[in-house]
Amino acid sequence: MRPHHRLPDQMRELHIERAVNCHAEGSALITLGRTQVLCTASIEERVPPFLRGQNQGWVTAEYGMLPRATHERSTREAARGKQQGRTQEIQRLIGRSLRAVVDLSALGERSITLDCDVLQADGGTRTAAISGGFIALADAIRVLMQQGRLKANPLRGQLAAVSVGFYQGEALLDLEYCEDSAAETDMNIVMNDAGALIEIQGTAEGRAFSRQEMNALLDLAEKGISEIMAEQRRVLGL
């Protein structure tokens with residue numbers, strides 16, 4: 001039995017609220033159980049130096065946690081003077097995932113930055129940031145289209161992400177912190193709306209896992225991601 005009595009293939013309660021920031025071109029607050037992540041998308045009419053003059057855009061992300069997003073207060077990374085390796089890895093994952101569904105050449109020479117700030121953490125913050133970040137990104141692109149700054153929609157599809165893993169020998173969908181921290185295997189899966197895999201991050205913490213067990217986790221992830229995508233479409237009015 002899972003700690004909070006969910007079925008093995010049952011997601012936590014999911015809620016996505018759009019347009020929660022009056023300044024950002026796109027924004028979303030995603031709540032997955034007790035995990036809450038605020039995602040904002042900002043448009044800038046410039047690109048990184050390595051893309052200048054190539055008539056190509058860029059999508060990137062930054063990720064952070066509020067000091068009391070976790071059980072005990074953590075010092076702000078700005079106060080430490082440097083980002084932790086975990087933070088850098090997560091924000092690269094978010095940016096890389098979102099770029100997979102954007103035609104950067106159709107975006108023009110501009111950047112969209114997703115800022116993903118964890119308000120409250122109870123497992124699955126990076127996957128929630130990807131799923132919520134997609135909403136913010138889609139709305140920012142919608143603004144560009146409405147303003148006539150884009151000739152064609154650069155969004156090539158939909159994507160979402162979820163965590164899966166083995167906890168006490170059982171394959172589980174959407175791990176909360178108490179499961180994630182004790183899982184024998186932990187995976188983060190990103191997929192698009194064609195059912196294709198964008199990213200698999202998987203680690204065996206307590207024991208190695210077989211190909212058959214990995215397939216079982218992928219099946220769970222596909223189920224969860226389809227549910228998240230249905231909510232994304234509902235929120236976006238698609």
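Glycine is treated like the rest: Cβ placed from N, Cα and C.
Now, the feature entries from Swiss-Prot:
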type	residues	note
BINDING	Arg86, Gly124, Thr125, Arg126	phosphate binding site
List every residue in the same chain as Thr125 (phosphate binding site), at least 6 positions away in sequence, whose Cβ is under 8 Å from its Cβ. Thr35, Val37, Met65, Ile90, Val118
Which of Arg86, Arg126 has the fewest nearby Cβ atoms, counting only those within 10 Å, among these binding-site residues? Arg86
Cα-Cα distance maximum in Å, computed over every pair in Arg86, Gly124, Thr125, Arg126 that the record assigns to phosphate: 14
Please report the three-state DSSP label of Gly124 (phosphate binding site). coil
Other same-chain residues whose Cβ falls within 8 Å of the Cβ centroid of Arg86, Gly124, Thr125, Arg126, the recorded phosphate site, in sequence order: Tyr63, Ile90, Val118, Ala121, Gly123, Thr127, Ala128, Ala129, Asn188
